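Step one of this worksheet: look at the structure below.
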Amino acid sequence: MPTMGAEMNTRNMRYILLTGLLPMASAFGETALQCAALTDNVTRLACYDRIFAAQLPSSAGQEGQESKAVLNLTETVRSSLDKGEAVIVVEKGGDALPADSAGETADIYTPLSLMYDLDKNDLRGLLGVREHNPMYLMPLWYNNSPNYAPGSPTRGTTVQEKFGQQKRAETKLQVSFKSKIAEDLFKTRADLWFGYTQRSDWQIYNQGRKSAPFRNTDYKPEIFLTQPVKADLPFGGRLRMLGAGFVHQSNGQSRPESRSWNRIYAMAGMEWGKLTVIPRVWVRAFDQSGDKNDNPDIADYMGYGDVKLQYRLNDRQNVYSVLRYNPKTGYGAIEAAYTFPIKGKLKGVVRGFHGYGESLIDYNHKQNGIGIGLMFNDLDGI
């Protein structure tokens, strides 16, 4: 039977523990709330990583926060040239989370890094749904030059009411996502992804005999590989990623409306401070020839590559653009957009387009368009 002295000691011990732990818990909670209040995804992730890593044992913390190995491109090329054979130099990064500043940590988790897991594998693991291309709903899109009679060299001219009677104003929506299907492949720690993008043009303001038809829908599945790399670029830039993939794009229609093409592409991811640049080059592949090809001249208008640019104005405002140009034909396109916060995770977007190829059915038709709509936070893509 415990004595009165033993009971007193137990109570004193509980009191000491409570008085010591409660302030710690309060401080920890306040710090976590400060992280939650951050609107910028990059800075918020860095804040959470820093405070929660501090609660782990030293060995677990170091293991969990160790940065992902990257291919040192400069040393790989230099060593391969010196030895006369292929030499892969993979650089194991140090601590990915500096303990002194969330701002310094945020410099590591850039939008490009988060999009493609260049510095750290995402906790959602394989097969998780991730952002890919911009995902938006534009209730109002105005096109100054509708394509009333779309055509191609092998399919002739399409004469249908949904094209001939279309209005200049319509609704545009795009859904896009990607999922990692394999990670840390080969000695270079590459990742394999599946992506899907679907864009629709809806004649919602056209209340004719065919009430509010979908004028066109493009489907674009793709599979691609990304490789984290490290190399310096002029003017303080950094080469962060190399990649390659295969993409199929079609509108799912029968002749004469059918449009489709397949491409193999190579890409790179580069950063200059708040500016992210992703150039791509492509070639047509596995397409049918002759009269079996829906659009044999599509490369004349869509070119052989594009350049994506994104610039972070501040925590929640971005501008981005996509540029295409074929120097041989002089045809191309420019897309530009501005995203801004509305409330919570909801963003607004203003988007403009000039040139050829706003959709597959319009690949050889020049037009100008502008629209305004909504975009969910984290789904503005790059």
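Just so it is clear, glycine is given a Cβ too, placed from its N, Cα and C backbone atoms.
Quick look at what Swiss-Prot lists:
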{"type": "ACT_SITE", "residues": "His248", "note": "active site, proton acceptor"}
{"type": "ACT_SITE", "residues": "Ser250", "note": "active site, nucleophile"}
{"type": "BINDING", "residues": "Ser258", "note": "Ca(2+) 2 binding site"}
{"type": "BINDING", "residues": "Asp294", "note": "Ca(2+) 3 binding site"}
{"type": "TOPO_DOM", "residues": "28-65", "note": "topological domain 'Periplasmic'"}
{"type": "TOPO_DOM", "residues": "79-168", "note": "topological domain 'Extracellular'"}
{"type": "TOPO_DOM", "residues": "184-189", "note": "topological domain 'Periplasmic'"}
{"type": "TOPO_DOM", "residues": "203-213", "note": "topological domain 'Extracellular'"}
{"type": "TOPO_DOM", "residues": "251-259", "note": "topological domain 'Extracellular'"}
{"type": "TOPO_DOM", "residues": "285-306", "note": "topological domain 'Extracellular'"}
{"type": "TOPO_DOM", "residues": "326-332", "note": "topological domain 'Extracellular'"}
{"type": "TOPO_DOM", "residues": "342-346", "note": "topological domain 'Periplasmic'"}
{"type": "TOPO_DOM", "residues": "357-365", "note": "topological domain 'Extracellular'"}
{"type": "TOPO_DOM", "residues": "378-382", "note": "topological domain 'Periplasmic'"}
Secondary structure content, the topological domain 'Extracellular' (251-259) (per DSSP, counts of residues): 0 helix, 0 strand, 9 coil
Within 10 angstroms of Ser258 (Ca(2+) 2 binding site), Cα basis - recorded positions out of His248, Ser250, Asp294: Ser250, Asp294
Segment confidence, the topological domain 'Periplasmic' (184-189), expressed as mean pLDDT: 87
Distance, the residue listed as 'active site, nucleophile' to the residue listed as 'Ca(2+) 3 binding site' (CA atoms, angstrom): 10
Outside the topological domain 'Periplasmic' (184-189), six or more residues from its ends: residues with CB under 8 Å to it: 68-71, 88, 90, 121, 225, 227-228
Surrounding residues of the topological domain 'Extracellular' (326-332) on its own chain - C-beta under 8 Å, 6+ positions past either end: 299-304, 355-356
Assigned element (helix, strand, coil) containing His248 (active site, proton acceptor), judged by DSSP: strand
Intrachain C-beta neighbours of the residue listed as 'active site, nucleophile', sequence separation six or more, cut-off 8 angstroms: Asp218, Tyr219, Ser258, Arg259, Ser260, Trp261, Leu360
For the topological domain 'Extracellular' (203-213), residues assigned helix / strand / coil by DSSP: 0 helix, 0 strand, 11 coil
